[in-house]
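The following features are taken from TrEMBL:
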type	residues	note
DOMAIN	2-116	domain 'Response regulatory'
MOD_RES	D51	4-aspartylphosphate
DNA_BIND	124-223	DNA-binding region
DOMAIN	124-223	domain 'OmpR/PhoB-type'
Amino acid sequence: MRILLVEDAASIRKPVVRALKASGFAVDSTGDGVEGWQMAQDHDYDVIILDIMLPGMDGLEILRRLRTSGNETPVLFLTAKDAIEDRVAGLRLGADDYLTKSFAVEELLARVDALGRRKYAKRSPLLVAGDLELDQAAKKVRRAGRELNLTPQLFSLLEYLLLRKGHVVSRTEIEEHIYDELASPMSNVVDTAVCALRRAIALSDESEPIIHTRRGMGYVIPESP
(Lines of atoms letter the chains of each structure in order from A; the text may use other names.)
(Lines give C-alpha, C1' and ligand atoms only; values in the text may rest on other atoms or scores of the structure.)
Protein backbone atom coordinates (compact mmCIF):
# COMPACT_ATOMS: atom_id res chain seq x y z
CA MET A 1 0.00 0.00 0.00
CA ARG A 2 1.06 3.58 -0.62
CA ILE A 3 0.76 6.00 2.28
CA LEU A 4 0.88 9.80 2.45
CA LEU A 5 2.07 11.25 5.76
CA VAL A 6 1.59 15.00 6.34
CA GLU A 7 3.23 15.92 9.65
CA ASP A 8 5.37 18.98 10.31
CA ALA A 9 7.16 17.67 13.42
CA ALA A 10 10.29 15.89 12.18
CA SER A 11 10.56 14.08 15.52
CA ILE A 12 7.30 12.32 14.66
CA ARG A 13 7.47 12.23 10.88
CA LYS A 14 10.87 10.54 10.52
CA PRO A 15 10.34 7.57 12.90
CA VAL A 16 6.83 7.00 11.50
CA VAL A 17 8.20 6.93 7.95
CA ARG A 18 10.89 4.44 9.03
CA ALA A 19 8.32 2.20 10.72
CA LEU A 20 5.95 2.27 7.75
CA LYS A 21 8.73 1.42 5.31
CA ALA A 22 10.00 -1.36 7.56
CA SER A 23 6.48 -2.83 7.45
CA GLY A 24 6.51 -2.84 3.64
CA PHE A 25 4.54 0.32 2.90
CA ALA A 26 5.54 2.80 0.22
CA VAL A 27 5.57 6.23 1.88
CA ASP A 28 5.48 9.84 0.67
CA SER A 29 5.84 12.46 3.37
CA THR A 30 5.92 16.22 3.84
CA GLY A 31 5.78 18.71 6.67
CA ASP A 32 3.88 21.35 4.69
CA GLY A 33 0.09 21.44 4.37
CA VAL A 34 -0.03 22.98 0.90
CA GLU A 35 2.43 20.43 -0.44
CA GLY A 36 0.47 17.66 1.26
CA TRP A 37 -2.75 18.79 -0.41
CA GLN A 38 -1.01 18.86 -3.80
CA MET A 39 0.42 15.38 -3.29
CA ALA A 40 -3.01 14.05 -2.31
CA GLN A 41 -4.39 15.43 -5.58
CA ASP A 42 -1.58 14.10 -7.75
CA HIS A 43 -1.37 10.51 -6.48
CA ASP A 44 -3.70 7.66 -5.61
CA TYR A 45 -2.95 6.80 -1.98
CA ASP A 46 -4.36 3.91 0.01
CA VAL A 47 -4.28 5.82 3.32
CA ILE A 48 -3.51 9.45 4.23
CA ILE A 49 -2.14 10.29 7.69
CA LEU A 50 -2.79 13.94 8.57
CA ASP A 51 -1.62 16.13 11.40
CA ILE A 52 -4.09 18.93 12.17
CA MET A 53 -1.73 21.81 12.92
CA LEU A 54 0.31 22.30 9.74
CA PRO A 55 2.05 25.27 8.11
CA GLY A 56 0.49 26.57 4.91
CA MET A 57 -2.80 24.67 5.20
CA ASP A 58 -4.11 22.83 8.25
CA GLY A 59 -5.20 19.22 8.21
CA LEU A 60 -8.88 20.01 8.59
CA GLU A 61 -8.80 22.14 5.44
CA ILE A 62 -6.97 19.41 3.54
CA LEU A 63 -9.63 16.91 4.61
CA ARG A 64 -12.47 19.29 3.72
CA ARG A 65 -11.02 19.76 0.22
CA LEU A 66 -10.49 16.02 -0.22
CA ARG A 67 -14.07 15.15 0.63
CA THR A 68 -15.53 18.10 -1.32
CA SER A 69 -13.63 16.94 -4.41
CA GLY A 70 -15.02 13.42 -4.02
CA ASN A 71 -11.76 11.86 -2.77
CA GLU A 72 -12.73 9.11 -0.31
CA THR A 73 -9.23 7.89 0.56
CA PRO A 74 -9.22 6.75 4.21
CA VAL A 75 -7.78 9.45 6.48
CA LEU A 76 -6.14 8.94 9.87
CA PHE A 77 -5.82 12.13 11.95
CA LEU A 78 -3.03 12.78 14.42
CA THR A 79 -4.17 15.09 17.24
CA ALA A 80 -3.02 16.43 20.60
CA LYS A 81 -4.43 14.66 23.66
CA ASP A 82 -6.54 17.66 24.70
CA ALA A 83 -7.74 18.59 21.17
CA ILE A 84 -11.27 17.21 21.55
CA GLU A 85 -12.79 19.89 19.32
CA ASP A 86 -10.32 19.09 16.55
CA ARG A 87 -11.11 15.38 16.74
CA VAL A 88 -14.84 16.03 16.56
CA ALA A 89 -14.39 18.44 13.65
CA GLY A 90 -12.23 15.94 11.78
CA LEU A 91 -14.69 13.10 12.20
CA ARG A 92 -17.56 15.31 11.07
CA LEU A 93 -15.60 16.32 7.97
CA GLY A 94 -15.12 12.66 7.06
CA ALA A 95 -11.99 11.43 8.84
CA ASP A 96 -12.01 7.66 9.28
CA ASP A 97 -9.94 7.38 12.45
CA TYR A 98 -7.63 9.32 14.75
CA LEU A 99 -4.69 8.85 17.09
CA THR A 100 -3.65 11.13 19.92
CA LYS A 101 -0.02 12.08 20.45
CA SER A 102 2.05 10.48 21.80
CA PHE A 103 0.98 7.20 20.22
CA ALA A 104 2.60 3.79 19.94
CA VAL A 105 3.94 3.14 16.44
CA GLU A 106 2.54 -0.40 16.61
CA GLU A 107 -0.96 1.00 17.06
CA LEU A 108 -0.52 3.37 14.12
CA LEU A 109 0.58 0.48 11.89
CA ALA A 110 -2.44 -1.58 12.95
CA ARG A 111 -4.82 1.29 12.22
CA VAL A 112 -3.23 1.94 8.82
CA ASP A 113 -3.63 -1.76 7.98
CA ALA A 114 -7.30 -1.65 8.95
CA LEU A 115 -7.98 1.50 6.93
CA GLY A 116 -6.22 0.03 3.90
CA ARG A 117 -8.43 -3.05 4.03
CA ARG A 118 -11.47 -0.79 4.29
CA LYS A 119 -10.54 0.93 1.03
CA TYR A 120 -10.69 -2.39 -0.78
CA ALA A 121 -13.89 -3.41 1.04
CA LYS A 122 -12.17 -6.37 2.69
CA ARG A 123 -13.64 -7.24 6.08
CA SER A 124 -11.47 -10.29 6.60
CA PRO A 125 -7.69 -9.93 6.96
CA LEU A 126 -7.28 -13.27 5.14
CA LEU A 127 -6.68 -13.07 1.37
CA VAL A 128 -6.80 -16.36 -0.54
CA ALA A 129 -5.80 -17.55 -4.00
CA GLY A 130 -5.90 -21.31 -4.51
CA ASP A 131 -3.78 -22.94 -1.81
CA LEU A 132 -2.09 -19.64 -0.93
CA GLU A 133 -3.21 -17.54 2.04
CA LEU A 134 -2.04 -14.10 3.12
CA ASP A 135 -2.97 -12.94 6.61
CA GLN A 136 -2.89 -9.13 6.62
CA ALA A 137 -3.22 -8.88 10.38
CA ALA A 138 -0.48 -11.38 11.25
CA LYS A 139 1.68 -10.41 8.26
CA LYS A 140 2.09 -14.07 7.31
CA VAL A 141 1.87 -16.00 4.05
CA ARG A 142 1.16 -19.73 3.78
CA ARG A 143 0.95 -22.05 0.84
CA ALA A 144 -0.53 -25.52 1.23
CA GLY A 145 -0.25 -24.93 4.98
CA ARG A 146 3.46 -24.13 4.83
CA GLU A 147 4.59 -20.72 6.07
CA LEU A 148 6.64 -18.69 3.58
CA ASN A 149 9.19 -16.02 4.41
CA LEU A 150 8.75 -12.91 2.27
CA THR A 151 10.56 -9.60 2.49
CA PRO A 152 8.29 -6.65 3.45
CA GLN A 153 8.36 -5.41 -0.15
CA LEU A 154 7.40 -8.78 -1.63
CA PHE A 155 4.67 -9.13 1.00
CA SER A 156 3.27 -5.74 -0.03
CA LEU A 157 3.41 -6.68 -3.70
CA LEU A 158 1.55 -9.95 -3.11
CA GLU A 159 -0.98 -8.20 -0.87
CA TYR A 160 -1.66 -5.55 -3.51
CA LEU A 161 -2.17 -8.14 -6.26
CA LEU A 162 -4.49 -10.17 -4.00
CA LEU A 163 -6.51 -7.06 -3.13
CA ARG A 164 -6.97 -6.54 -6.87
CA LYS A 165 -7.69 -10.22 -7.50
CA GLY A 166 -9.40 -10.77 -10.83
CA HIS A 167 -8.17 -7.41 -12.19
CA VAL A 168 -5.12 -6.83 -14.36
CA VAL A 169 -2.72 -4.50 -12.55
CA SER A 170 -0.38 -2.43 -14.72
CA ARG A 171 3.31 -1.94 -13.99
CA THR A 172 2.68 1.76 -13.34
CA GLU A 173 0.02 0.94 -10.74
CA ILE A 174 2.41 -1.42 -8.98
CA GLU A 175 5.16 1.20 -8.98
CA GLU A 176 2.82 3.81 -7.53
CA HIS A 177 1.60 1.59 -4.69
CA ILE A 178 4.69 -0.41 -3.80
CA TYR A 179 7.57 1.99 -4.33
CA ASP A 180 8.20 5.42 -2.83
CA GLU A 181 9.14 6.91 -6.18
CA LEU A 182 8.29 5.87 -9.71
CA ALA A 183 11.03 4.00 -11.52
CA SER A 184 12.31 5.26 -14.85
CA PRO A 185 10.27 4.24 -17.92
CA MET A 186 13.04 1.83 -18.99
CA SER A 187 13.38 0.24 -15.56
CA ASN A 188 12.47 -3.42 -15.06
CA VAL A 189 12.10 -3.07 -11.28
CA VAL A 190 8.51 -4.34 -11.31
CA ASP A 191 9.25 -7.32 -13.55
CA THR A 192 12.21 -8.22 -11.35
CA ALA A 193 10.08 -7.98 -8.20
CA VAL A 194 7.29 -10.11 -9.69
CA CYS A 195 9.85 -12.72 -10.75
CA ALA A 196 11.27 -12.80 -7.23
CA LEU A 197 7.77 -13.08 -5.76
CA ARG A 198 6.88 -15.99 -8.04
CA ARG A 199 9.98 -17.84 -6.86
CA ALA A 200 9.21 -17.04 -3.22
CA ILE A 201 5.66 -18.45 -3.33
CA ALA A 202 6.44 -21.54 -5.43
CA LEU A 203 6.91 -24.65 -3.30
CA SER A 204 8.37 -26.53 -6.28
CA ASP A 205 8.77 -26.29 -10.04
CA GLU A 206 5.42 -28.07 -10.35
CA SER A 207 3.52 -25.56 -8.18
CA GLU A 208 0.41 -24.08 -9.78
CA PRO A 209 1.21 -20.50 -10.85
CA ILE A 210 -0.57 -17.84 -8.79
CA ILE A 211 0.49 -14.70 -10.68
CA HIS A 212 -0.22 -14.53 -14.41
CA THR A 213 1.23 -12.14 -16.98
CA ARG A 214 -1.01 -10.28 -19.40
CA ARG A 215 1.40 -9.23 -22.12
CA GLY A 216 1.39 -5.49 -22.70
CA MET A 217 -1.03 -4.96 -19.82
CA GLY A 218 0.46 -6.13 -16.52
CA TYR A 219 -0.14 -8.87 -13.99
CA VAL A 220 -3.18 -10.57 -12.51
CA ILE A 221 -4.10 -13.13 -9.89
CA PRO A 222 -7.21 -14.73 -11.42
CA GLU A 223 -10.29 -15.44 -9.36
CA SER A 224 -9.53 -19.14 -9.84
CA PRO A 225 -5.76 -19.48 -10.41
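Glycine is no exception: its Cβ is also placed from the backbone N, Cα and C atoms.
Within the domain 'OmpR/PhoB-type' (124-223), the DSSP-based counts of helix, strand and coil residues read 33 helix, 22 strand, 45 coil. Residue counts for the domain 'Response regulatory' (2-116) under DSSP, helix first, then strand, then coil, are 55 helix, 26 strand, 34 coil.
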